[in-house]
Amino acid sequence: MNISANCLFSGSSLASEVHAAAVNGDKSTLLKLIAGNSELKDKEDQFGRTPLMYCVLADRVDCAEALLKAGADVNRADRSRRTALHLAAQKGNYRFMKLLLARRGNWMQKDLEGMTPLHLTTRHKSPKCLALLLKHMAPGEVDTQDRNKQTALHWSAYYNNPEHVKLLIKHDSNIGIPDIEGKIPLHWAANNKDPSAIHTVKCILEAAPTESLLNWQDYEGRTPLHFAVADGNVAVVDVLTSYEGCNVTSYDNLFRTPLHWAALLGHAQIVHLLLERNKFGTIPSDSQGATPLHYAAQSNFAETVEVFLKHPSVKDDSDLEGRTSFMWAAGKGSDNVIRTMLDLKLDIDINMTDKYAGTALHAAALSGHVSTVKLLLERNAQVDALDVMKHTPLFRACEMGHKEVIQTLIKGGARVDLVDQDGHSPLHWAALGGNADVCQILIENKINPNVQDYAGRTPLQCAAYGGYINCMVVLLENNADPNIQDKEGRTALHWLCNNGYLDAIKLLLGFDAFPNHMENSEERYTPLDYALLGEHHEVIQFMLEHGALSIAAIQDIAAFKIQAVYKGYKVRKAFQERKNLLMKHEQLRKDAAAKKREEESKRKEASLQKGMQNMEQNKFQVQLSTAVREKTASTLQLSNKQTDLQNKRPLSVSASQIQLGRNSRGSPKACRSKGSPKESCLSSELQSEGHNIRQELLRKHIKSKPSCVHFHCGKVKEVTKVEAKHQVAAATELNGEKHKEHAVEANGTSAHGNRRHASACGTAGAGEKTRDQSLSSSGNRGHCEGTSVVVCNVSCAGGIARNSKRCEAVPKSKRHQQKSRHKEVNYERCSPAGSSRPGSAKVVFVNTRNATVCAIEHANNVGNHELAKKTSPLLSTETESTGTGPRNPAACSALDDSLNLEKTGEVGSRSAGDQLCSVAWQSTNIELIPLEIRMQIIEKERTRKELFRKKNYAATVIQRTWRSYRLRQELSQLLSAKRQRKEDEDKWRQETAAFLIQVAWKKQLNHSPQKSVPSCKSLKSVNKTSSAIKTSKQSILKQIYGRSQEGRVYQPARPPSKLKLSDVQLVSANNLQYVNLLENVGKSKQFSYNMRPSTAAKSKSTRLEH
């Protein structure tokens, strides 16, 4: 002690020398120092201690007495508020305590912890110091409490000093004072593992053996029995439970009884003791519904469990979650308890489920106890049992990452392809826990790495959510797809950018993850948007370097493309609406024309019937006059005529045969009969009989309305009707004049004219045949697609004058003039306005005759034919065999003409008196059409051409716009290729140069608008053989609306390109903006939907500049 003191205080100040002298017991030096300076007797060191305190600590009684004689302060306190008496009581130094108490030391002084010297004296086994203090203390001062509200009796019980307890109780210390935790001295006495604590407990209980003292609960509800059981002190438990007032099943604040504590700590003897002394006979449960057996089972105390199971009052009840003690044992891996319970309780159900349908195997797998799992599988536990979440034990093991348990379960037959109620597979749970080894095991057992749950999330997305990069590496190496989107449109990259896992983002982009997937929400966020919202600056920079786009940038790009597509859509829609409107108008016009034709036909039919009645009256008058002339003739002439009639019958037969043969050869252009007239050769009886037959046939003919008009295809147009009307009018006037001349010549003709009848008719037939052929060829050259009307015409005059060659043979010059007129009409004729196909005009050739005269001649010929059939059976037989009978050509032609004109509405109504003349056939000139009607036709044609020109122009603009859009798309692909292939700059330059050369070679920079040349000017010199129009390449719209009316749109020849290959500069992407890639620069804007009006000036074509 002296050596240490010398070392401590060597080289120190004078005060330190005083303290050193006190410690060393150097009384002479101490007195010398005090004599030199009286203040040194109470000098404090760095701890606030005086030389007197050091004398107590060093047990230097002589020095202490010297200091006290020198006037040292006995109650001086140090920094911890302790005096020399505190130090003497703490050391249990009886002499110093007696010395200090004699010098009036304060025994009630409290230190910083509120302890008095009385509290400190309880630490020692000897009660002498305690007894010395109790002699100086008043009766009420013995229960002084420290800062923890503990008295000297608390400390005596804590230190297990039964003598101190007895001494304090003798001095009236209160045994029921609780401390700051609510504990009384009996709690501290019972909370001791030493068996000798039984004496302290007995001392306290002997002082007051009350029930309230035995069952006193601290602030946590624990009784002295709880503490005794917790320390495993069987003797103290035995003492406490020996009192009848002790409650063995008292609850603490956790609803645990002393029996729960004994089971939890595995005190089998205490358990047995408590079970035996339980007066209620029931096993209480804690706040979770667990019995003491649950506690013993989870702690793997097989002996304690055996004690419980063997006691008759114990049952394996379930807790509040429906778990039995067997499940608790499985969850804690208590294999010994499980074996004990399976051996002792044969009726135990190993697959019993709890409230959530979990089994003991679920609990063991969740906790990762491999041995327990093996034990349960050996005892036939169900390996794929499902709980309410549809989780098997494998799910629980994958969630917690217990690799060995997973392997054990898979070997035991667990299925890896099951999913829970959310669609999560075991791989999902392994990825959520970041267990890379478990993921590898599951993938090796053939689980799909891209399996999706009901929300569309993959295991890769689950791993990305937690940023488990090791787990992501395993999944990606096993072909996990990083671009799969869940139902909300999010990918694994969305989760990584949201949480700012830069290393995982680098890994994912290295496996070709697309950086611009948009979610399906209203905001349509991309991974870059999530990084921006989270303010992860490093992630933002990295994503931008790898081509990531925000939703705002994507919307700008999409808006540009949508606008381009929408413009095209508007053009197509407007075009379709215009087309539908035109078609609707065309249909309405056709319906109106058809209705008008129907009304005209009905009106003309009524007028025809009225005309036929007038014609029949005139016919009777003519027959009456003829009968009077025949009666005045002599009987000799009658016999001669009969003889001549018999001689001419073979000629009639032959003529009919010739006519039939001509018809069979396929040229039925006119219905002819070469037989001579029958009126002058018959008797009065035959004439009367023929008159009756003709009357009947005429009525039938009027009812049946036969027609020789042949319809090929289509319908007759309104313009054709107008031409036909004027042709009929002109032809009627000319025929009227010629009819008078033929009538004069016919009256002067004798029997010699009758002998020339055959030759004249043959000549006329040949002339008409030639004329019909020319008309048919001229019709073919016109390319008429509508209705071609061929009218049976006869050039012979009516009555006996039909034999004249002048009436039948038409001069060649006149026929040539007629052909030229037809050609002129055909070529100058345009399709009607509103027609859907150009060149669809219908050409109609009309030949008219006097309807009244033709009808009379037809009735006479029919009657004569009936008489001929009776007189000549051979003729009738041959005629019936061929299916056609010889008819009077003039009558047939005139009647057919009149019926055709009435049916088609092409001949105007005329009075019966104006149509009594029959003349040779003549074509109608277009000059005969009134000027007003011609102007209407021309105006309609102009309107139709203008409409077609607009359609053609719209189609051209749409095609040009589409081609320019394709060029812009190729250019954008080249620009994006540059950003993606920075390392291959030369290859990109080559592709760019090739693209520019292609544009300069194939596309024309200086465009002029296409103008169609009118066909009316270009077709004046077209001949018959070259009238067919060659079809050109048409656009889709031209194919829909047909070719142009002229048949061909003449396009100006494309000038040779002014650009040369040497002029093309291999420029970078920044110079591409100076290249004019659009065909229709400045022209597409002239359309109705574009930016400027069509009257704006045309933009000049741009050239490539170096």
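Heads up, the Cβ atoms here are built off N, Cα and C, so glycines get one too.
According to Swiss-Prot, the protein has these features:
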type: COMPBIAS; residues: 589-607; note: compositional bias 'Basic and acidic residues'
type: COMPBIAS; residues: 636-645; note: compositional bias 'Polar residues'
type: COMPBIAS; residues: 653-666; note: compositional bias 'Polar residues'
type: DOMAIN; residues: 951-980; note: domain 'IQ 2'
type: REPEAT; residues: 80-110; note: repeat 'ANK 3'
type: REPEAT; residues: 113-144; note: repeat 'ANK 4'
type: REPEAT; residues: 181-213; note: repeat 'ANK 6'
type: REPEAT; residues: 220-250; note: repeat 'ANK 7'
type: REPEAT; residues: 254-285; note: repeat 'ANK 8'
type: REPEAT; residues: 288-317; note: repeat 'ANK 9'
type: REPEAT; residues: 321-350; note: repeat 'ANK 10'
type: REPEAT; residues: 389-418; note: repeat 'ANK 12'
type: REPEAT; residues: 422-451; note: repeat 'ANK 13'
type: REPEAT; residues: 455-484; note: repeat 'ANK 14'
type: REPEAT; residues: 488-517; note: repeat 'ANK 15'
type: REPEAT; residues: 523-553; note: repeat 'ANK 16'
As a test of reading the model: what is the averaged pLDDT for the repeat 'ANK 7' (220-250)?
92
For the repeat 'ANK 16' (523-553), the DSSP residue counts stand at 20 helix, 0 strand, 11 coil
When you scan the chain for residues with a C-beta under 8 Å from the repeat 'ANK 15' (488-517), skipping those not six or more beyond its ends, what do you find?
455-456, 458, 460-461, 463-465, 467, 469, 472-473, 476, 482, 524-528, 530-531, 533-534, 536, 538-539, 542-543, 546-549, 554
Checking distant contacts: for the repeat 'ANK 7' (220-250), what same-chain residues at least six beyond its ends satisfy Cβ-Cβ under 8 A?
181-182, 186-187, 189-195, 197-198, 201-202, 205, 209-211, 214, 257-259, 261-262, 265, 267, 269-270, 273-274, 277-280, 282, 284
For the repeat 'ANK 10' (321-350), what are the same-chain contacts with Cβ under 8 Å, counting residues 6+ beyond its ends?
288-291, 293-294, 296-302, 305-306, 309-310, 356, 358-361, 363-364, 366-367, 369, 371-372, 375-376, 379-381
Beyond the flanks of the repeat 'ANK 9' (288-317) by at least 6 residues, Cβ under 8 Å:
257, 259-260, 262-268, 271-272, 275, 278, 281-282, 323-326, 328-329, 331-337, 339-341, 344-345, 348
Excluding the flanking five residues on each side, which residues at least 6 beyond the ends of the repeat 'ANK 3' (80-110) place their CB within less than 8 Å of a CB in that stretch?
48, 50, 52-53, 56-57, 59, 61, 64-65, 68, 74, 116-118, 120-121, 123-124, 126, 128-129, 132-133, 136-137, 141, 144, 146
